[in-house]
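Participant: Pulled these from Swiss-Prot:
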- CYS206: active site, acyl-thioester intermediate (ACT_SITE)
- ARG103, GLY104, GLY105, GLU106, ILE107, THR108, TRP109, HIS110, ALA175, ILE176, GLY177, GLY188, PHE189, ALA190: substrate binding site (BINDING)
- 1-12: compositional bias 'Polar residues' (COMPBIAS)
- 65-255: domain 'BPL/LPL catalytic' (DOMAIN)
- 1-20: region 'Disordered' (REGION)
- LYS172: site 'Lowers pKa of active site Cys' (SITE)
Amino acid sequence: MQQDPPTSQPHTPQIVDGVKPRGWVDHPAGLHFEYLGIADSRPTRTEYNECWAHQREVHAEVSAHQRPNTVIYVEHDPVYTAGRRTRKEAYPFDGTPVVPVDRGGEITWHGPGQLVGYPIVFLQRGIGVVDYVRRVEEAVIRLVSQYGLRAGRVPGRTGVWFPSDGMGPERKVCAIGIRVSRQTAMHGFALNIDPDTAGFDNIIPCGISDADVTSMARELRRLHGPDAEVPSLLEVAGNLEPILTEMMSFQPYEMSPDIPRREHPAFLHPMP
């Protein structure tokens, strides 16, 4: 997570004597959803830098109250993004592009089979960064529960996880990294639906070495066998819309319970 420090100058147009500037949009006014490529008759992937430039344009408009809160849905070409805490020695050497970005967190992978969502949302007064992140997590937790999957938060860790069990350690299904500037969030979440998770093998995802990465497809197959039905990115994105809309209304909500931390034997007794 990354939050820019306040400055002495106002970042957005101001209401003077009750008169709003031309083009002013009150927040929240619901959420507007943009589907980049994934809703096409022949779905296409979007290059990361192209989408990042679009994010910045949308962020400028939302923070200036010239556009409603917007969620950008996208599936990226293979790429690593390195948050501000990433050390150079953590970069992979497999030839996949690495893009340094201005969000919090460390390095992660994006690619085919992963739904990436960028909520560009003006944070109401009193809504802090942690509260915002918890709301994004809650939306994903509720989403995967619609498919019979029990996920949750792990204390001290960001994102959405499946608990440690006899088959392995805690497994992250959704990574979250944001930046807040001009009271408006950008960047967002990456939900693994059915990616080739080998892309994570060349890095320590988000700098966490004692956990694993999973996907909705992998968890569904664990429950129902190899022929389990796996939803498409478009289906998941559509089902997530009303949940995100509810969470981004910033009304009180009941938070899902945390997953208890349990050390897996593989990390209690490492190989010599």
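Here the Cβ of each residue, glycine as well, is placed from N, Cα and C on the backbone.
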Participant: Including all protein chains displayed, how many Cβ atoms other than that of LYS172 (site 'Lowers pKa of active site Cys') lie within 10 Å of its Cβ?
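Facilitator: I count 26 other Cβ atoms within 10 Å of it.
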Participant: Rounded to an integer, what is the Cα-Cα distance in Å between PHE189 (substrate binding site) and LYS172 (site 'Lowers pKa of active site Cys')?
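Facilitator: Checking the Cα atoms of PHE189 (substrate binding site) and LYS172 (site 'Lowers pKa of active site Cys') gives a distance of 12 Å.
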Participant: Which value does the mean pLDDT take for the domain 'BPL/LPL catalytic' (65-255) in this predicted structure?
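Facilitator: Mean per-residue confidence for the domain 'BPL/LPL catalytic' (65-255): 90 out of 100.
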Participant: Including all protein chains shown, what's the count of other C-beta atoms within 10 A of the C-beta of TRP109 (substrate binding site)?
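Facilitator: Neighbour count, Cβ to Cβ under the 10 Å cut-off: 27.
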Participant: How long is the line from the C-alpha of LYS172 (site 'Lowers pKa of active site Cys') to the C-alpha of ARG103 (substrate binding site), rounded to the nearest angstrom?
Facilitator: 19
Participant: Suppose we draw a 10 Å sphere around the Cβ of GLY177 (substrate binding site). How many other Cβ atoms does it contain, all chains included?
Facilitator: 25
